[in-house]
Amino acid sequence: MEGKMCEEEMEERTVNKEEEMEERTKGETEILNSRNEPPEESQKESHGVQRELAEDRAKKTMRVPDGGWGWMVAFGAFLSSVLVLGQSFTFGILFSQYLLSEGVSSTTTCWIFSISLMMTHFMMVLVGPLTKEFGIRTVGYFGTTICVIAMFLSTFTPSPEFLYVTYSLLGGVGPGLVASVCYTVVAPYFDKKRGRANTLLVAGSPVAQIVMMPLLRYLLDQYSFRGAALVYSGVLMHTYIGVTFFHPLKWHLKPSEDKAQEKLQPHYGQEEISGHPHSENSSVSSSSLHGVGDDDGNEGNDFVKVGTDGDGGGDGQTCGVVRRLFNTFVRVGRSIITNFKLYRSLRVCIIAISFGLSSASFLNFIMLAPFSMQASGHSLQNAAWCLSAMGIVNLLSRFVVSPLADWKEFDIRICMMLGYFLKAIAAVGFALSDRLGFLALWTVLFGIGLGSTISLQILVIVSYMGMELLPATYGIAGITTAICFPIAGPLIGLVRDLTQNYEPSMYFIGSMDLVSAAMWIFMPAAVAWDNATNKCKQTSDTNQQQMDP
């Protein structure tokens, strides 16, 4: 019995040793295979990590072109803004005779115009998130298409009320998308030459006044209202050419000369808005700006490989598209909600409100001036030439003021204040004048003040908020401006209808510019307040972290 037990124990030990040897051999084989021939997933992870490291190193050693293709981008923005902004500037010239012949009141006219401007500026808050999702050129092409459709449909308007749909709604969405893309795509391409590049960008608005108004006046004489609107809808199609120049920034980055990448910081408010995801200062070469760094090859990437969802059939693809579309809208909505946190900053409030009041005064002045001059006995042709002269000095002012922003001694705040004040004085002087020469003089002075302020809008945002917050702050300013238009415009028209005189309406326009000028007096205090608030919040967060176990 004992011999049998010993034999069984020996057999069990032998089996156990064999099993241990087999397991050890398998383990060694797996280790060798993992060293010599890694599995496909391990290879993918390794390549992914290496690619990310390479991209990070490349970003740290790249800089913006500060010229080069950036000048083509600036030219594309100039061309696009000339075409699409003409829709707003030429409203009084293109539609005044038609609306007067239909007996439309000034209040209704202002509502048509104000709703269009409101929609235009509402689009500004959407452009940043949309370009991040779909790419800068996709949004530009889509906006251009809406511009063309809106003007084409306005050609066949059966009644003034139909313009609420074609000109006010559609005609506001399209220019809003295109103009916002133009005003945010140029600045990231430049550093030391940003002021000069901005000159080409902001020249589009006055050139639209200079060129489009006489052009439409000629078209009205030759082809009447419907023919002129139809030709203009074809002219708008040239905006596609300008948008095509908007290459993603990453295509044109250059090797950095300095090892240490220079970071962009606000010139006046050194601390950013706490709690905002883009509040950290970063290098210009990063692609964090909404849409600027997106590669066209990746545009619409949420809708690529849709067939991987479901079973690959039609139902699976449809569900995949719907789910990705829903996720895209969710991300856009979250980004918009996050940007609204910028209203906590007094700097942003001053920038946004002053931009809104000034834009409402400027565009309502251009819209109301032809009606006012015709009521004084002057012809529509004289009104068109006065507004064209205003556009010429507006353009010249931008050529002078915008490059001055590259000068270190230039005080951008003082220039904004003086420009707003000059616009207010010109609006009051226009209301008190009857002679054509004086009317032309006041429109010229209004153009000088306008050029001095609008040419600095993008630069003042970069100076006070930083490059990272440019799209978000620009969107907040657009929302504020959009709210100003349906309030200020109808009030201006109502004042005119109640008094049967355009003079009080011009006083109202001048008062909005005076308020804008007064707000910029308090900008240094706003900067100090924001900095103190951020320091208190940082101190509170630090103390809270120390108290937590």
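Even glycines carry a Cβ here, placed using N, Cα and C.
Straight from TrEMBL, the features:
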- 1-29: compositional bias 'Basic and acidic residues' (COMPBIAS)
- 1-57: region 'Disordered' (REGION)
- 37-57: compositional bias 'Basic and acidic residues' (COMPBIAS)
- 69-99: transmembrane segment (TRANSMEM)
- 73-528: domain 'Major facilitator superfamily (MFS) profile' (DOMAIN)
- 111-131: transmembrane segment (TRANSMEM)
- 138-156: transmembrane segment (TRANSMEM)
- 162-186: transmembrane segment (TRANSMEM)
- 198-219: transmembrane segment (TRANSMEM)
- 225-246: transmembrane segment (TRANSMEM)
- 261-279: compositional bias 'Basic and acidic residues' (COMPBIAS)
- 261-291: region 'Disordered' (REGION)
- 280-291: compositional bias 'Low complexity' (COMPBIAS)
- 348-370: transmembrane segment (TRANSMEM)
- 382-401: transmembrane segment (TRANSMEM)
- 413-433: transmembrane segment (TRANSMEM)
- 439-462: transmembrane segment (TRANSMEM)
- 474-495: transmembrane segment (TRANSMEM)
- 507-529: transmembrane segment (TRANSMEM)
Closest-packing stretch to the transmembrane segment (348-370), where packing means Cβ pairs under 8 Å, from 225-246, 413-433, 474-495: 474-495
Mean per-residue pLDDT computed across the domain 'Major facilitator superfamily (MFS) profile' (73-528): 78
Selected stretch (most C-beta pairs under 8 A with the transmembrane segment (225-246)) from 69-99, 138-156, 413-433, 439-462, 474-495: 69-99
Positions whose Cβ lies under 8 angstroms from the transmembrane segment (138-156), at least six residues beyond its ends: 80, 83-84, 87, 123, 127, 130-131, 163, 165-167, 170-171, 173-178, 181, 226, 229-230, 232-233, 236-237, 239-240, 243, 246, 291, 299-300
The transmembrane segment (69-99) touching the transmembrane segment (474-495) per 3+ Cβ pairs under 8 Å rule: no
Distant-in-sequence neighbours of the transmembrane segment (382-401), which means Cβ under 8 A and at least six residues beyond its ends: 89, 92-93, 199, 202-203, 205-210, 213-214, 217, 366, 369-370, 373-374, 415, 436, 439-440, 443-444, 446-448, 450-452, 454-456
